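K.L.:
Okay, handing you the structure first.
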Amino acid sequence: MSEPRQILVTSALPYANGSIHLGHMLEYIQTDMWVRFQKLRGNQCIYVCADDAHGSAIMLRAEKEGITPEQLIANVQAEHSSDFADFLVDFDNFHSTHSEENRELSSLIYSRLREAGHIATRSVTQYFDPEKGMFLADRFIKGTCPKCAAEDQYGDNCEKCGATYAPTELKNPKSAISGATPVLRDSQHFFFKLPDFQAMLQQWTRSGTLQDAVANKLAEWLDSGLQEWDISRDAPYFGFEIPGEPGKYFYVWLDAPIGYMASFKNLCARRPELDFDAFWNEGSKAELYHFIGKDIVNFHALFWPAMLEGAGFRKPTAVNVHGYLTVNGAKMSKSRGTFIKARTYLDHLQPEYLRYYYAAKLGRGVDDLDLNLEDFVQKVNSDLVGKVVNIASRCAGFIHKGNEGVMVGGDAAPELTEAFLAAAPSIAEAYEARDFGRAMREIMALADRANAWIADKAPWSLAKQEGKQDEVQAICAQGINLFRQLVIFLKPVLPVLAADAEAFLNVAPLTWNDHLTRLENHTLNPFKALMSRIEPAKVEAMVAASKEDLLAAEAKAPAGNGELAKDPLSAEIEFDTFAAVDLRVALIVKAEAVAGADKLLQLTLDIGDERRNVFSGIKSAYPDPSKLEGRLTMMVANLKPRKMRFGVSEGMVMAAGPGGEEIYLLSPDSGAKPGQRIK
């Protein structure tokens, strides 16, 4: 017998900024099935994952909710962990990229790349939000498409005409965060010299590590010549600061795949039999597999292996890529109720229904998978309840009633037993190749043969005939043995059904090699229903609940075109949070334009016993700043001073409006005095 394989498996890291939906679950379910198959075969197979917990989106959402990014990612991780567990996804470790292990490994890999000459630095020009004091990623810039003039389009592509462009080509650009008009600024950035690994990647991507369709797509990138990859972002940013570079942070996609290593390292600290170096060092004999969606192939099949190569670590054995999920033949839709969250599904249906349906439709390619809800009901009810479970329910009663639950010995259908044994290698081969659909078809073909044989023997008719009891017991014992074989073959897909079947069969947890044996003169436990049919009404209720999720979200934003519709209310905060903000009346002593800044005014504010210097992006509404002098306004007086290019800003004045010329500086009623607290 060959030695057990050492295998490390990962799924792509879910982003810690939202809920898991059924599209996400396609990946985690297929990975889990493959891992369970390997463990069933006796291999050492470790499955790790983590939340992808860095980036501007997380920083900004936390700010909007009035919590820290650390609190946000902790809340999301708890939600994700619960959803995965209830879908029977059995990680050996589910960690976070915001961890000390990931910080250390990211710094190590960066340092090795830099020392080997694979890091370049140069100045880049980007849009900068003067109000938020941050550089803007493409998705945080909106404006008018330069091609078709559609408004409210993102900084890199138009959703209306499909055009792609540079953010600087966008007309009337606005910050999607503050509404301010962004300005162009230069910043020093760090780049990974991906072209250094062109030859290695051309060979590696054609070495059997990828499906042919994926390798062919990557060849387009490789043939056109690889470009250096920007791996840095400027503060403010939620992530890891680059060693020795204050105010510069690793781009989220730099440390995200390193999160695979970090999660495994975290697991190694709890399981001393695992050796991190044995899995990750160059020359490792362990196998490493990444399961990912086709939207992130470039990161995993170009950037990631190049980073590993340059830093002296091993590369993946294979990157297994899958397609997207559609529902009822179309993209998931919130309005149609087909954008279904994992928790919404679990509130209505059993997880194994979906696990089986995904398995039945998954091939080894990158084609999209369609969840047809009508077919879903029919297939699960027909295959699992009508075929597999039906065998046990047909036979168990006769054994308990006629022989006190004891299965007789002997083989009532040697040709059928041989057919089941002969099918095992092909089913195993399909599982290994991730061709789950083929495996399910072969298993259901066996179930059809078993049911046809039982129907032909008709033990229910024989039981009514004198002297036929031995034949009834032989038929039903054979039926239970065939059922047991099917359970073994389906165990990677249906772990709960398998556990319940093991309890009924009165056996220890089944392994793959148990299909080579039979139960004879063996006592069964009383049979209990192993799976119920899907009720179409429950599927309809799930879709309705998904629509309600959308309506609930819309209810928080008022209908119509009022100001709240344009700028919805932020999340509720506690009174203590509000009380921490010190609002004061301020007298504008001096107001003047700032040289070199299109939108800023420099205000000198009197707050009673002291004066403050404040920079404010209100110039577009107040082109003659001298008219503001002598006016009372309101300011946030305890805001931490912020160093800007033009000086230090010691607070923030309060204004309303969407921006541009529509900015309205707030003023207290007459009689208020500078320095008075606003309550």
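Just so you know, glycine gets a Cβ as well, placed from its N, Cα and C.
Feature list, courtesy of Swiss-Prot:
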- Cys145, Cys148, Cys158, Cys161: Zn(2+) binding site (BINDING)
- Lys334: ATP binding site (BINDING)
- 577-679: domain 'tRNA-binding' (DOMAIN)
- 14-24: motif ''HIGH' region' (MOTIF)
- 331-335: motif ''KMSKS' region' (MOTIF)
K.L.:
For each of Cys148, Cys158, count the other CB atoms within 10 A of its CB; which of these binding-site residues has the top count?
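P.N.:
For the binding-site residues Cys148, Cys158, the Cβ with the most other Cβ atoms within 10 Å is Cys158.
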K.L.:
Cβ under 8 Å to the motif ''KMSKS' region' (331-335), counting only same-chain residues 6 or more beyond its ends: which ones?
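P.N.:
Non-local partners: 21-23, 325, 546-547, 549-550.
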K.L.:
Other residues near the Zn(2+) site, CB within 8 A of the CB centroid of Cys145, Cys148, Cys158, Cys161?
P.N.:
Pro146, Lys147, Ala149, Ala150, Gln153, Glu159, Lys160, Gly162, Ala163
K.L.:
What is the number of other Cβ atoms found within 10 Å of the Cβ of Cys161 (Zn(2+) binding site)?
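P.N.:
Neighbour count, Cβ to Cβ under the 10 Å cut-off: 12.
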K.L.:
Quick one: give me the count of other CB atoms within 10 A of the CB of Cys145 (Zn(2+) binding site).
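P.N.:
Result for Cys145 (Zn(2+) binding site): 22 neighbouring Cβ atoms inside 10 Å.
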K.L.:
In sequence order, what residues of the same chain, 6+ apart, have a Cβ less than 8 Å from the Cβ of the residue listed as 'ATP binding site'?
P.N.:
Ser546, Lys547, Asp549, Leu550
K.L.:
Which of the three DSSP-derived classes (helix, strand, coil) applies to Lys334 (ATP binding site)?
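P.N.:
Once the DSSP labels are grouped into three classes, Lys334 (ATP binding site) ends up as coil.
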K.L.:
When DSSP states are grouped into helix, strand and coil, how many residues of the motif ''HIGH' region' (14-24) land in each?
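P.N.:
For the motif ''HIGH' region' (14-24), the helix, strand and coil counts are 3 helix, 2 strand, 6 coil.
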